[in-house]
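Student: Below you will find the structure I want to go over with you.
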Amino acid sequence: MSEYKDIWVFVEQREQKLMNVSLEILGEARRLADKKGVKACAVLVGYEVKGLAEELIKYGADVVYVIDHLLLKNYTTDAYTKVICDLANSLKPEVILYGATYVGRDLAPRIAARMRTGLTADCTALDIDENGLLLQIRPAFGGNLIATIICPERRPQMATIRPGVMKKALIDEGRRGEVIEIKPVIEEKDIRTEIISIIKEARQKVNLEEADIIVSGGRGVGGPEGFKLIEELAEVLGGVVGASRAAVEAGWISSDHQVGQTGKTVRPKLYIACGISGAIQHIAGMGGAKTIVAINKNPDAPIFKIADYGIVGDLFKVIPALIEEIKEAKKKAMA
Amino acid sequence: MDIIVCIKQVPDTSEVKIDPVTKTLIREGVPSIINPEDKNALEEAIRIKEKYGGKVTVITMGPQQAEEALREALAMGADEAYLLSDKAFAGADTCATAKTLATMIKKLEYDLVFCGRQAIDGDTAQVGPQLAEQLGIPQVTYVKEIKIEGDSLIVKRILEDGYEVIKVKMPVLLTATKELNTPRYPSIKGIFEAYREKEVKIVTASELGIDPQEVGLKGSPTRVIATTTPETERAGEIFTGNVKECVQNLVQRLVEKHLI
């Protein structure tokens, strides 16, 4: 097993643009590689993507393996599994990390099964233990438990990482690294699925992950009309609207607003939870917010335990008063 | 068309409680359900059978009580059910689970294998692709729509910002999302048949002819070494009483922190 070394990151690009999650994981891989004294390597797969390699070096990669081929232009399970397994079998990385995206979560288990190794899904933290093993930390049972998982006897150790939880390294324009082009062995007959079209849906993008201020509503909001009040508060603060699973499942707001274990992980500067009781499943997605404000009529709601500030009261009275007060404060600040 | 559907019996996670001392799940009194997206998979399989003919076989790996989940699946309209149950299967991770399911499925005829996208207790979404690889067939995950064209399928696969349309020849493994359909409730006749006429076949490790080293905890590459409850408590300042005063206090704090 000692022949296995280095930490790899599968770098996802779509239409020759790097996915944010890949840079986040690269930042973490850098930290882990330094701790172990090995290299952090990026595996960049696609067609005409070599130009992206320099950026990966600036974000922390020591080595970028570029696997470039026309048949790799769009993601297919068969092609990507084959080229990555081929490379991993010959170079023997100790760890491979993937983003827990719609691509990463399709690809990583297929690779794990082919390489007969373990895989941990949707990790929210990673570390290296005293024996040099990768500690893979993830929520389980709807965020009610946090489990630490290892893969002691098989290699590579593999995990998918939840988008939005790791921090990108600061870009270092002066960083130097090695770009190695790999010639993949791939033919059309290796790919058993045919992509007929890729359709972009023109839905309004809810960018919760990058918002500085999020105002979220839960069961206590009572219905779609209640969310108008949440929207209004978000608007005066220049924030984005979030929601708990209960509100999404009730059909009051679309699922792209959902924060929590089954929704998005956010870490804004300010998170205002309105009518949200604070189920662990929700806290799993927003516990990293810098400042948490809770508005809830139940003084025993668990959300108050994790809040920096709380108001016990009826949100239909508190929020309109809060909106007025914020407008006042902004006026004063302008004067 | 022969269709296999893999299902899992799970605790209803909205009801899950954790023992604060042992940090383990309190399973007592928590209702067990068929994993929601496995139900979408099952519903789709039954619809395809109703339209094109054939047979739907449901398989689960689990303890004896998982038979309830299979009976429910039979009541919805599945034709045959296998419960892979053996002490040797206990403690399996997704890899060992896929191995066990694959060993069973290889004994059966099939055109399509369905799984749910992911189970609500583990949220891993790994067993489907791992099973497809073990069976040596292609996979399409995150499926929200299926059309059958001869010996091929045209499926819509969800992406972060839309979806892709994929053509694939059978046999293939698909993982179903909740967008695919709304699962039916079993009819009275269905329930009657499930308990009186249909059979749940129980299959042990030796009947499966599988090496006990390859299944359960022994066959699992991953190990859970610790579980904890998330610790996130903050010493907060809670305002009660007069709404106006509460709001003024809060805004003052937020202004001081330069958040407004």
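Each Cβ is built from the backbone N, Cα and C atoms, and glycine gets one as well.
So TrEMBL lists the following for this protein:
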- A:Arg219, A:244-245, A:258-262, A:275-282, A:Asn296: FAD binding site (BINDING)
- A:7-195: domain 'Electron transfer flavoprotein alpha/beta-subunit N-terminal' (DOMAIN)
Student: Where does A:Gln261 (FAD binding site) sit by DSSP, helix, strand or coil?
Tutor: coil
Student: Work through the binding-site residues one by one (A:Arg219, A:His282) and point out the residue whose CB has the fewest other CB atoms within 10 angstroms.
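Tutor: Selected from the binding-site residues A:Arg219, A:His282 on minimum Cβ neighbours within 10 Å: A:Arg219.
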Student: So which one is it: of the binding-site residues A:Ile276, A:Ala279, which has the fewest other Cβ atoms within 10 Å?
Tutor: A:Ala279
Student: Which of A:Gln258, A:Gln261 has the fewest nearby Cβ atoms, counting only those within 10 Å, among these binding-site residues?
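Tutor: Counting other Cβ atoms within 10 Å of each of the binding-site residues A:Gln258, A:Gln261 gives the minimum at A:Gln258.
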Student: Under a three-state reduction of DSSP output, how is A:Arg219 (FAD binding site) classified: helix, strand, or coil?
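Tutor: Note: A:Arg219 (FAD binding site) is helical by DSSP.
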